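Student: I have a structure I would like to understand better, so I am pasting it below and will then ask my questions one at a time.
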Amino acid sequence: MVGSSSMKNVWLSMEHQSVLWCNQLAVQVAHTLLSIIDPINGQPFSSIQKRVFVFTKMLQSAAPQSLGSMTHVPGSLPSNLPANGNRDAGELQKKDSLSCPPSTQWTSDGLEKDLYIQSNSVTVLAMDGRRRWLDIKKLGSNGRGHFVFVTNLAPCSGVRIHLWPEKHHSPVQNEVPAGKKIVEVTSKMVQIPAGPAPKQVEPGSQTEQPPPSAFLLLSPEELNGFSFMTISVAPRPTISGRPPPAASMAVGQFFNPEEGASAHSTARIIRSSFAPEEIFLSEDHPLALNLTFSASLGLLPVILSLKTAGCGIKNAGDQMEAERNNLCKLRCFPPVALAWDSVSGLHIIPNIYSETIVVDSSPAFWDSPEGTDRTTVMILADPHCSYKVTARASLSAAASRFFLLYSSEILGFMVAIMFFGLMRQSSAWECDSSVPSILSAIESNLGLPKPFMLLCFTPTLLFLAFLFFMTQQKPPFGTFLLVTMICYIVANGFTILLILSSKLFLYSVAILHVFIKRRWQSWGDGAQSAFLRRFFTFSFSLQSLKIVQMLKNNPNIIVALATLPLVCLVHPAIGLALLLLSHTFHAHSNLCSFLSASFRSITQKKDFYKSKSDGLQQLLPLDDSPTAPKSFTDSQLELFDCRHGIMILHLLTTLMFVPSLVAWLQRIGMGQNFPWFIDSAICVGVILHGLFGSQPNVSCCISFKLPGRRGREVGLSFLYLLAGYYSFISSMALAPYRALYAMAIIGYICFASSVIERRNMVRGDVSSRRSRKHSHRH
C-alpha cells in the first residue's frame with residue numbers, strides 16, 4: 001500500500017490542486033502500468049516480485065525514507081520488497097539501481113577543474129561544469145553527520161552526487177578496484193513542486209534565486225564507510241537563438257539536526273493564537289530545521305511565516321527595507337516546508353513565506369495509529385540568510401478542520417443526547433411527575449457531577465475498556481478523551497440551538513394561527529357569515545362520514561400508509577420526511593390547543609373578576625377544575641413537549657440519510673434499485689417509534705423486570721438509557737448510523753406493547769397502571 005502523498009511527482013500543496021493532483025496521479029499510474037510490460041513478449045511480467053518491484057520503484061517516493069532519520073517515522077513501503085532469492089527480481093533490481101541512465105553518463109574529460117570544499121556548506125550559483133569534493137570525515141565531524149542538498153538542477157542531467165570510499169578521479173565503476181565501489185545517490189533525490197525560475201531581463205544580468213525543485217537527505221548510516229562525496233554539476237548548455245537558461249542554484253551542508261530544532265507543546269500552540277511564537281535564525285544556521293508539534297496539524301493548523309531578516313548586507317543609513325529585501329532575494333532561495341504525518345504522509349509547501357500548514361490527518365479517533373497526535377515540519381532555508389520565523393495557530397482553520405473531522409461523531413452524540421432527554425421525560429411520566437420539556441431535560445443531564453458522569457464519562461470509560469481488553473487498537477488516551485469531551489459539549493450546544501430554533505418557529509406559527517383563528521371567528525359571528533355558515537355545514541357533513549371518523553380517530557393509519565411504502569420502495573429519507581411533517585402537525589395542534597386554552601382561561605378569569613358572576617365558570621374545560629389532577633392546558637403542553645423531543649430525534653435521523661438521498665437523486669434516470677432490506681427494516685422501526693412512541697402514556701405499556709432476585713421494574717426510560725449508551729459508543733467508534741438500530745428496536749417494542757395493551761383492553765384485562773393520575777383525557 002502506498003498513499004498518494006508518498007508517490008513520486010504527486011503533490012497536494014499546489015494551486016488548483018484538485019485538477020493538478022488528478023493529472024499527476026493519472027500520469028504516474030499510467031507510466032507504472034506501462035513499466036510492468038515485458039518488452040520481449042509485450043505481456044505483463046509473470047513474476048509477482050518483478051511487478052511489486054516495478055510498482056515500488058515507479059510509485060514510492062524517496063521522501064519517507066529520506067526523512068526517516070530526521071523525523072523518526074517509518075517509510076510507507078519496505079525497501080526490500082522483492083525477495084532476495086528471486087533471480088528475476090534481483091536482475092531487475094540490479095538493472096534499475098540508483099545509478100543514472102546511460103544517456104546521462106558523464107566522463108571525467110567533460111568536467112572542469114575540481115574544487116575542494118573546506119567548509120561544511122557548499123554553494124553552486126551556475127552550471128559551471130565542475131566537480132566539488134567534500135571530505136565526509138572532516139566536514140561531518142562534531143555531530144554534523146547528516147547531509148542535506150537542495151537544488152533546482154535536474155537530477156542526473158544537471159547534477160550528480162557520488163560517494164567515494166577513497167579519493168579517485170574517475171566516476172566510472174570499472175576503473176575502481178573491486179571491493180571499493182563508488183555509490184551514486186543521485187536517484188535518491190526527492191523532487192518537490194516549484195514555480196518557474198525567474199528569467200533574466202538581459203543576458204548577463206543577475207536574477208533572483210530560483211526556488212528549489214529537489215532535495216537530498218543522507219543520514220550517518222548511509223554515509224558510513226565512505227570518505228568523500230562529490231557533487232558534479234553539468235556544463236551550461238549553449239544553444240543559439242534561444243533565451244538564456246534560468247538561474248541555477250544548489251546548496252549543500254553537513255549539519256546536526258538537533259541544532260535549531262524546536263518542540264511545540266499543545267499549550268504553546270493554543271497560546272500562539274494570541275501571542276505568536278517567534279524564532280530567529282541567524283546566518284550560517286542549519287539548512288534543515290526541525291519543528292515538532294505535539295498536536296497534529298490536521299486538528300490545529302498553524303500559520304507559518306518566514307521573513308528574511310538579513311543576507312550578509314550591512315545596513316546603510318539611507319538604505320530602504322524594500323531595497324534590502326530585493327537584494328536578499330538575489331542571494332537567498334525561497335524556503336520550503338516539508339510536513340510529515342504518519343497517516344497522510346508527506347506534504348510539501350514550496351515558497352513558504354506565509355502559509356497555513358494543514359495535514360490531511362485524523363487524530364484522536366479510536367482507530368488512529370500511534371503518532372497521529374503529532375506532526376513534524378522540516379524547513380529548508382538558505383543558510384546564507386537570516387530569518388524571523390513566526391508560528392501561530394489559526395483558530396478559524398482549526399474550527400473548520402474540527403467540524404470536518406468530527407461532524408459524524410457530533411451528529412451521533414446529538415442523537416445520544418436526545419435519547420437521554422427522552423429518558424428523563426419518560427422517567428418523569430413513570431414517577432407520576434410533571435413531564436419536563438426536552439430543553440429542561442437536556443439541561444438537567446448536563447448537571448455536575450452525577451448526571452454528567454453517568455451519561456458522558458461512563459460510556460466513554462466502557463468504550464476505552466473494550467478497546468484495551470478486546471481489540472488491538474490503543475488510541476492516545478489523553479487526546480482521545482479530550483476530543484470526545486469537546487465533541488460531546490459541542491453536540492449539546494448544537495442540540496440546544498436546534499431545539500430553541502424549532503421551538504421558536506413552532507410557537508411563532510401557533511401564535512399566528514390562534515390569533516388568525518380568533519379574529520376569523522369574531523368576524524364570522526357578524527352579518528357577513530352566510531357563506532361561512534354554509535361552508536361549515538358542508539364540512540360538518542363530511543366529518544360525519546364513517547370513513548372520515550375512522551381516519552380522524554386513527555391518524556396513525558394515514559401516516560403509516562404514506563410512509564411505509566416510501567421507505568420500502570423509494571427512499572428512506574422521503575418516508576422519514578413525511579413522518580417529520582406528521583410530528584410537526586401534531587406538535588402544532590397540541591401547541592395551538594395549549595395556547596387557545598390559555599387565552600380562553602385568561603379571558604374568562606378577567607371577565608369573571610370584572611362581572612363578579614359565577615356563571616362563567618361553567619365555560620371552563622372540565623379538566624381545569626381544582627379537583628382535576630392535571631389541567632387541560634398542562635396536558636396539552638406535556639403532549640407538545642413529548643412530541644417535540646421525538647420530532648428533533650427523527651429530524652437528526654433524517655439528516656443521516658441526506659447524503660444517500662442526494663446520491664439517489666443524481667442517479668434518477670440511470671436505473672433505480674429498491675432500498676436495501678436492512679435499511680427498509682430499520683426505517684420501518686423508526687416510523688413505528690414515531691407512531692407508537694410519541695405519546696407519553698406509552699410508558700404505561702412497557703414494563704419489565706431486570707434479571708436477578710432483586711431486579712427492579714423498569715420501563716421505557718431504561719430502554720432510552722441503553723439506546724443513548726449504544727449511540728454514544730457507536731459515535732466514538734465513528735459509526736453514528738448504528739443509533740438507528742437502537743431506535744428501530746425501541747419502535748418495534750413500542751408497537752408490540754401497544755398491540756398487546758390494546759388486546760388486553762378489549763378482553764377487559766386492564767392493568768392497574770392505567771389508573772394512575774396521568775391517564776387523563778388528552
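The backbone N, Cα and C atoms fix where each Cβ goes, glycine too.
Reproduced below are the annotations present in TrEMBL:
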type	residues	note
COMPBIAS	88-97	compositional bias 'Basic and acidic residues'
DOMAIN	2-35	domain 'GPI inositol-deacylase PGAP1-like alpha/beta'
REGION	67-106	region 'Disordered'
TRANSMEM	402-423	transmembrane segment
TRANSMEM	452-470	transmembrane segment
TRANSMEM	477-498	transmembrane segment
TRANSMEM	557-581	transmembrane segment
TRANSMEM	646-668	transmembrane segment
TRANSMEM	674-693	transmembrane segment
TRANSMEM	714-733	transmembrane segment
TRANSMEM	739-756	transmembrane segment
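Tell me what's around each of these sites.
Tutor: Here the transmembrane segment (402-423) has Cβ contacts under 8 Å with residues 298-299, 362, 438, 441-442, 445, 455, 483-484, 486-488, 490-492, 494-495, 498, 645-646, 648-649, 652-653, 655-656, 717-718, 720-721, 723-725, 727-728, 730-732, 734-736, 739, 742-743 of the same chain, all six or more residues outside its ends.
Tertiary neighbourhood of the transmembrane segment (452-470): same-chain residues 366, 420, 445-446, 477, 480-481, 484-485, 488, 724-725, 728-729, 732-733, selected by CB-CB distance under 8 Å and a gap of 6+ residues from either end.
Within the same chain, residues 556, 559-560, 563-564, 567-572, 575-576, 579, 582-583, 646, 650, 653, 716, 740-741, 743-748, 750-751, 753-754 sit at least 6 positions outside the transmembrane segment (674-693) and bring their C-beta atoms closer than 8 Å to a C-beta of that stretch.
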Student: Which residues, given as numbers and ranges, are at least 6 beyond the ends of the transmembrane segment (739-756) yet have a Cβ under 8 Å from it?
Tutor: 412, 415-416, 419, 649, 653, 656, 681-693, 698, 701-702, 716, 719-720, 722-723, 726-727, 730-731
Student: Looking only at the domain 'GPI inositol-deacylase PGAP1-like alpha/beta' (2-35), what is the mean pLDDT?
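Tutor: The predicted confidence over the domain 'GPI inositol-deacylase PGAP1-like alpha/beta' (2-35), as a mean pLDDT, is 68.
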